There are 2 protein chains.
Amino acid sequence: MENKLILDGNVVANHVKVQLKGKIAELKLSGVQPCLATILVGDDPSSETYVKMKGNACEKLGIISKRIHLSKDIATEELLKTIAELNEDPAVHGILLQHPVPGHIDERQAFEAIAIEKDVDGVTSLGFGQTAFGFGEYPSCTPAAILEIMDYYKLGADGLHAVVVGRSPILGKPVSALLLNRNATVTTCHSHTRNLPQILQQADIVIAAVGKPNFIKGEWIKEGAIILDAGYNKGNIGDVEYVSCHQKAFAITPVPGGVGPVTISMLLKHTVQAAEKARKKKEDANSQFVTI
Amino acid sequence: MENKLILDGNVVANHVKVQLKGKIAELKLSGVQPCLATILVGDDPSSETYVKMKGNACEKLGIISKRIHLSKDIATEELLKTIAELNEDPAVHGILLQHPVPGHIDERQAFEAIAIEKDVDGVTSLGFGQTAFGFGEYPSCTPAAILEIMDYYKLGADGLHAVVVGRSPILGKPVSALLLNRNATVTTCHSHTRNLPQILQQADIVIAAVGKPNFIKGEWIKEGAIILDAGYNKGNIGDVEYVSCHQKAFAITPVPGGVGPVTISMLLKHTVQAAEKARKKKEDANSQFVTI
């Protein structure tokens, strides 16, 4: 009972942020101010809160937060125009379009319009394909957070059976792809899965990405499993029934304080990486100019 | 024993080709000659055979086969230049770069250079991402063939457990993605999978994509499973040990005469679809011009 490993997301997030601070300082010394542009469409209160949290996390670390707030009535074309401008703006290194946008807007088209080198939130199909093929730069942030936690706590995946519950484009699908690339055997489950408890019984690694509070029960879990709960439901409740799952697990993330804080730090990390790449590209272009 | 469903790839391929003939005739009436460009680099005999087979299949159906044969010594840049020219050429609707290219060439970079609207062989990471997100036009041809066979024989996947053995970018990964989009629970296995027989015992659908002759044994198969063998090894041998697996299966593809012939017909189908899209685009552009 006492040897449980509690995967503390705040510790991991702080570790990441400390590393980022050094990189941000270097970037600034070389004249580059890393900058994340966030686009919020409409006035959904939780979306407003999320965007504000992300912007504040940027500023706290020294990343410029360029906050764009568009009216809920805009047409898809206007959103595409905003994205195109940000794609072109050399001062912007990352673009985040807060999901969901109002229903009349073609959200997928808007996501796809984000330039791959600024897709730090990992929402484009190109970014997903590159991630699945093993050369993606910025996987979407929650899957990246899950791997960051595993790395921090030195939890390998090679040869283990990972069961991912959920198949969304920003969570279930990319985390399945990332674990597959780490040589896990990966089963992706969802609402049509017939025998979820039996499948979970085989899982060495459980990824909960359903969006249903306390959905995954301890009795479904194999003794000694690693459980990462990416669920975040109203009232700070995860997808995993914590008390019963905790009893079975070798390692488990709490909610809150698990995957959540690391997710935001992945957004910051990707933005800094994008700024570093932009700087390198500029330097390479300059040095080429000199030699000519 | 007698109620086995033998999934006959030749029947499915012929069915597809009959449909395509009508579409090709229509295209030609409207002045469009569907055209697939194939690029062969070097003189590997089996690659030469494959490319020839594909070109001949095109011509037999009335699709123009533009065959480009490059020397084994060319640099990646020359290959990229060839691809760029084909991307620009309005008479070319599909581009196939025969895998593998000689080792000194960056094959991935070459694949990625193929324009998405001409990627009829489904090799780009963008095409894969779009397929995984459910809006891809041309999944890679063997996965597309597997689904085509399932459709022809009215074999559903919804709620079934599909086990895919193999994780290559053109086979295991995309077929996993396609089956997931059809609401199967999907497990992707590979060389690091520890307990393959136990996992296969749970499979309602088995996809063999390993490239090892007779690798999958009948004793591993659940009674009543659907088995699709995408393996194609020397001597016309599949990845599935046919006699023992046939005994257990409800439905099974033979090798040869299973997935193989349908794969080529998917290449033809995608090329025709690409030609139809190109025609539509041209017509839309023309009608726009008229109204102005």
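Heads up, the Cβ atoms here are built off N, Cα and C, so glycines get one too.
Look at TrEMBL and you will find A:Gly166, A:Arg167, A:Ser168 tagged as NADP(+) binding site. Cβ-based neighbour count (10 Å, all protein chains) for A:Arg167 (NADP(+) binding site) stands at 25.
Sequence annotations record features per position, and here TrEMBL assigns domain 'Tetrahydrofolate dehydrogenase/cyclohydrolase catalytic' to A:7-121.
The domain 'Tetrahydrofolate dehydrogenase/cyclohydrolase NAD(P)-binding' annotation in TrEMBL covers A:140-278.
This prediction places the mean pLDDT of the domain 'Tetrahydrofolate dehydrogenase/cyclohydrolase NAD(P)-binding' (A:140-278) at 97. Contacting chain B by the Cβ rule (under 8 Å between Cβ atoms), the binding-site residues A:Gly166, A:Arg167, A:Ser168 reduce to A:Arg167.
Taking a C-beta cut-off of under 8 angstroms and a sequence separation of 6 or more, A:Gly166 (NADP(+) binding site) has the following same-chain neighbours: A:Gly172, A:Cys189, A:His190, A:Ile207, A:Ala208, A:Ala209, A:Val210, A:Gly211, A:Ala230. Apart from A:Gly166, A:Arg167, A:Ser168, the residues listed for NADP(+), the same chain places the Cβ atoms of A:Val164, A:Val165, A:Pro169, A:Leu171, A:Gly172, A:Lys173, A:Thr188, A:His190, A:Ala209, A:Val210 within 8 Å of the centroid of those Cβ atoms. With a 10 A radius on its CB, A:Ser168 (NADP(+) binding site) counts 16 other CB atoms from all the protein chains.
Under DSSP, residues within the domain 'Tetrahydrofolate dehydrogenase/cyclohydrolase NAD(P)-binding' (A:140-278) fall into helix, strand and coil as 57 helix, 24 strand, 58 coil.
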